[in-house]
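Each remark here refers to the structure printed beneath this line.
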Amino acid sequence: MSWKVPMLVGLVVLGTHIWTINKEFLDVTKDLDYFVASVEFAVAQFNDNNPEENTYKLLEVGRAQKKTWTMIFLMDLEMGRTICKKHDENIHNCPLLQGSREKKVHCVFQVDARPWFSHFTILTSTCVPT
């Protein structure tokens, strides 16, 4: 009986540790293939869901993290409004709007990537004007 108590305590500690590790986000390089694809997906979804006429393009990637044991990415993105309209060709080369129509947003996205199925899902997104 006396050996069961330490074993039970050990299992509880180990289980808690594993559960905690599973919830952590760790930094990844910003050029990691699946992270880059997730960023592109997040920007495209932002543009598709944004009611504005003009598209936004990526200006800067801040935080780049991946949840341990998953393909869930956490990212901070700064985007700027361009002169291009939605569904224009080659929006990557569109210049930013200047003057009174200039607008930038800071967004935090969580993207679940399943690249082997070509499937990405936005889990959470929060955007604020900067």
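From the backbone N, Cα and C atoms, a Cβ is placed for every residue, glycine too.
Swiss-Prot annotations:
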SIGNAL    1-23  signal peptide
DOMAIN    37-116  domain 'Cystatin'
DISULFID  Cys84-Cys94  disulfide bond
DISULFID  Cys107-Cys127  disulfide bond
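Residue environment of Cys84 (disulfide bond) contains 21 other Cβ atoms, counted within 10 Å of its Cβ in all protein chains.
Rounded to a whole value, the Cα-Cα separation of Cys84 (disulfide bond) and Cys107 (disulfide bond) is 20 Å. Of all Cβ atoms in the shown protein chains, 19 besides its own fall within 10 Å of the Cβ of Cys94 (disulfide bond). Secondary structure of the domain 'Cystatin' (37-116), assigned with DSSP and counted as helix (H, G, I), strand (E, B) and coil, comes to 21 helix, 40 strand, 19 coil. Comparing the disulfide-bonded residues Cys107, Cys127 on other C-beta atoms within 10 angstroms of each C-beta gives the minimum for Cys127. Cα spacing between Cys127 (disulfide bond) and Cys94 (disulfide bond): 21 Å, rounded to the nearest whole number.
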